[in-house]
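Novice: For A:6-27, A:39-58, A:70-99, A:111-137, A:143-164, A:184-202, A:222-242, A:277-297, the entry in TrEMBL reads transmembrane segment.
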Amino acid sequence: MVWGTTIAAYLFLAGLSAGAFLTSSYISRKYPKAVTVRMTGRFISPVLMGIGLLLLIVDAEAGLKNPLRFIYLFTNFSSVMTIGTYFISFFMLAGFYVALMELLKKDVNKWIEYIGVVFAIGTAMYTGFLIGVIGTVPLWNTAILPILFVVSALSTGIAGTLLVSGIVNKQVVHLVTSVKKIHLSLLAVEVFLIFTMFLITSTSNEAAAESVASLVYGEYSMIFWIVLVAVGLLLPIIVESLELINDRKMSQTNEGLQVAAAGSHSIVGTLVTEMSVLIGGFTLRFLILAAAVPIAFL
Amino acid sequence: MARYGMMIDTRKCVGCYACRVSCQMQNELPVEVSFIKFHEIETGVFPNVKNEIFAVQCQHCEDAPCESVCPTKATYTTEDGIVLVDPEKCIGCKYCMVACPYQARTQDHLTGVVEKCRFCVDLVAEGKQPACVSTCISTARIFGDLDDPNSEVSKAIIKYNAKPLRQDLGKTKIYYVR
């Protein structure tokens with residue numbers, strides 16, 4: 001593994017950060033009253049991106065020893081990494097600005113926020129393109145990978161935002177039902193994308209088939225089935241579905257409405273779901289990097 | 001301007017690792033780092049089997065994938081077609097290592113810089129042969145200008161019908177006789 005756990009964590013954090021930014025922008029339009037959720041998304045986004053970049057810097061040993069060299073990252077426009085460096089730079093500038101305005105309790109310039117939204121999507125996609133353009137690794141070299149990473153970025157972004165919001169103030173997570181519905185559909189789409197990717201890619205050539213085999217029944221199958229599929233995808237899909245059914249029931253009875261308004265019911269379900277989505281998000285990146293089998297050249 | 005390349009005759013190679021050692025000496029590499037890696041494959045069905053030994057190093061690709069992915073332009077191709085890494089520009093992101101179809105790159109953990117075969121540019125500039133070529137005990141390696149039809153390497157490639165490892169992965173400058 002040339003790129004290991006550190007890079008997996010970086011890819012995960014970049015997606016999570018972009019997803020949190022997008023979540024908070026959506027919340028600020030759809031639920032103006034859900035201040036905690038909005039603020040949480042805006043605060044965690046630049047912090048998580050910053051941690052991700054630190055990991056990247058630590059992994060780039062030569063740059064770590066000579067930090068001025070990082071300026072060269074902006075020079076090669078034929079490299080996806082250079083393009084990504086620009087995306088992340090603009091995204092982080094916008095993210096910091098929005099977080100600062102939130103901190104100072106000032107109005108956020110909506111155009112800067114829109115720029116942030118564009119580059120957040122760019123950042124999430126770039127993490128997929130970064131490894132997607134590597135023809136040497138057939139598991140990565142597929143058009144579906146950037147889409148999978150974007151869906152996972154949005155899903156982990158929502159999870160991270162709701163998890164921290166829930167810890168700060170447990171009433172708020174029940175106010176944002178549409179976010180939960182979006183979240184549930186994203187998880188379902190993710191299952192479909194992973195299935196499609198594995199099925200199609202495994203037929204493309206030997207190296208790809210080997211990659212998929214190592215995940216489905218080989219070296220990484222335990223992590224794949226237990227951590228990614230069961231904990232990271234199925235568990236949150238089940239809990240979230242039950243929660244949405246429960247929410248509907250509660251809104252249909254008087255007692256339910258009172259309980260909801262008082263915020264006295266448990267948010268354990270939410271915390272468990274969001275935590276498992278985050279675990280799944282990281283595991284997805286880790287497995288995609290770990291199961292990379294390069295093409296045979298002999 | 002030349003277009004330097006090499007031919008390696010796997011039928012002559014005995015797998016003595018002399019090229020790897022001389023390369024390590026020439027480039028002052030630590031023991032565990034080497035620019036030449038040995039791969040052995042068995043082909044055929046009993047009783048007609050053969051064991052082939054491939055000494056694989058940077059293939060000095062034309063339109064090298066490592067060069068196009070390098071975000072800092074540390075990897076570049078000289079006018080003579082030699083793919084090199086500028087150690088002053090490399091940040092050690094390892095994108096090139098991931099992109100290289102021949103897994104020919106290694107990272108120097110002292111400096112963090114990613115390195116690989118340089119076709120001994122300094123020796124070649126003095127008109128000498130690369131270290132791996134001059135040291136080879138069975139003269140399995142021939143080095144020279146691929147653009148010059150009269151060079152020893154060009155003639156040998158035609159004579160022995162030498163081919164790149166994987167032609168479908170793009171043009172390279174090391175040819176193998178099998």
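Note: Cβ is positioned from N, Cα and C throughout, glycine not excepted.
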Novice: Mind checking which residues reach the transmembrane segment (A:70-99)? Cβ under 8 Å, same chain, six or more beyond either end.
Specialist: 14, 17-18, 21, 24, 42-43, 45-46, 49-50, 53, 57, 60, 63, 108-109, 112-113, 115-116, 119-120, 122-123, 126-127, 129-130, 133
Novice: Is the transmembrane segment (A:184-202) close to the transmembrane segment (A:111-137), in the sense of at least 3 CB pairs under 8 angstroms with a sequence gap of 6 or more?
Specialist: no
Novice: For the transmembrane segment (A:184-202), could you work out the same-chain residues 6 or more beyond its ends whose Cβ comes under 8 Å from its Cβ atoms?
Specialist: 138-139, 142, 144-145, 147-148, 151-152, 154-155, 158, 208-209, 211-213, 215-216, 229, 233, 236-237, 240-241, 244, 277, 284
Novice: State, in range form, which of A:39-58, A:143-164, A:222-242, A:277-297 has the highest count of Cβ pairs under 8 Å to the transmembrane segment (A:6-27).
Specialist: A:39-58
Novice: Counting only residues 6 or more past its boundaries, what in the same chain has a CB within less than 8 Å of a CB in the transmembrane segment (A:222-242)?
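Specialist: Contacts of the transmembrane segment (A:222-242) (Cβ under 8 Å, skipping residues fewer than 6 from its ends): 159, 180, 183-184, 187-188, 190-191, 215-216, 269, 272-274, 276-277, 279-281, 283-284, 286-287.
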